[in-house]
C-alpha cells in the first residue's frame, strides 16, 4: 500500500528577489515577540514611575516615585559641607602664613585645594599645574606677580586685570611697540636678538649690541635694567629661559610688535545677589595648595 503523500505548507516570500535568491517571510519566534512587547511595557512603566519627559522648561516630569539623582547629589554635598564646616571655619579664621604649621589644615588644604584646582584652575594652568602657553607654571618659582601665599591668595580672590572686580590687580599691559609706532621693525629685530643673547640662545652679536641700548630705553622700566623682571609691573624675567608665550624668534617678535596682557578671573567676584564662584574657604584652600606645590616663596 502506498503512503499518503504529506504536504508541507511552504513559507511565503516577501516578493523580493536578487539573482534568483528570494527573501522568505519567516515569522519571528514567539519568545522574541513576547520579549519585545515586555520591553515596550517596561519602558512605558519606567517613564511613568521615574523622571523622563522634558516637557517643562526647566525640568522633566518628576515620576510617581519622586526619584531625583540631582536631589541625591545636593544631599551629599550638604552632608559633606556639614562634615567640613568646622575645619573650614578654622581655615578662614587662621592667618594665611600659619596654615602650613597646622597639620589638620595642611591635610585639608592639600585635598580640598587640589579638588578646587582640578575643577577651576587646571583648564588653564594644566592638570599638574605645569602651565600652558599663555598660562604660567605654578611649579617653578618664576612668579610674575609674586609667590608669597598672601599674594597668591589675593590674585586668586580678585584676579589679574579682571574688568569685573574693582579690587583686581591692575598692572599695565605690555605695549604694542609696532602697532603703537614706538619702535621700527629693524629696532624690534635688534631687541629680539638682544633678548635671545641674554637668555642664552644663539644671537646676532651686532644686532644684540644695538638692541641692548633700545632695551634700556624702552623695556628696562618694566623688565628691569638687568632684564630679570619686576614683580611690581608683572614683567617676566627674560634671562632664565622660562617663557610664558615662547622664546623663539617668531614669538618674541610678535610679542614685542603687538604686546601682551593676560587676564586671570576673579574667583570671589559675583553680580549683585549672586553666589561667588568660590567661597572664602575654597580660595584659601587652593591658595595654600598652590603655595605648597614647590614654587611658593
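The backbone N, Cα and C atoms fix where each Cβ goes, glycine too.
Under the heading topological domain 'Cytoplasmic', Swiss-Prot lists 1-35.
Beyond its flanks by at least six residues, the transmembrane segment (36-56) meets 62-65, 67-68 of its own chain at Cβ-Cβ distances under 8 Å. What Swiss-Prot lists as transmembrane segment is 36-56, and the listing cites sequence analysis.
Residues or ranges marked as topological domain 'Periplasmic' by Swiss-Prot on the basis of similarity to another entry: 57-297.
Across the domain 'Cytochrome c 1' (108-199), the DSSP tally of helix, strand and coil residues reads 42 helix, 4 strand, 46 coil. Here Swiss-Prot flags 108-199 as domain 'Cytochrome c 1'.
Residues annotated as heme c 1 binding site in Swiss-Prot: 121, 124, 125, 264. Taking a C-beta cut-off of under 8 Å and a sequence gap of six or more, residue 264 (heme c 1 binding site) has these contacts in its own chain: 155, 159, 160, 161, 162. Classification of residue 264 (heme c 1 binding site) by DSSP places it within a strand.
Look at Swiss-Prot and you will find 174, 219, 222, 223 tagged as heme c 2 binding site. Secondary structure from DSSP puts residue 223 (heme c 2 binding site) in a helix.
Per Swiss-Prot, the feature domain 'Cytochrome c 2' maps to 206-294.
On the backbone, the CA of residue 121 (heme c 1 binding site) and the CA of residue 174 (heme c 2 binding site) stand 24 Å apart.
In the predicted structure, the domain 'Cytochrome c 1' (108-199) carries a mean pLDDT of 95.
The two recorded residues residue 124 (heme c 1 binding site) and residue 219 (heme c 2 binding site) have their Cα atoms spaced 28 Å from each other. Mapped onto DSSP helix, strand and coil, the domain 'Cytochrome c 2' (206-294) counts 42 helix, 3 strand, 44 coil. In this structure the C-alpha atoms belonging to residue 219 (heme c 2 binding site) and residue 125 (heme c 1 binding site) are separated by 27 Å.
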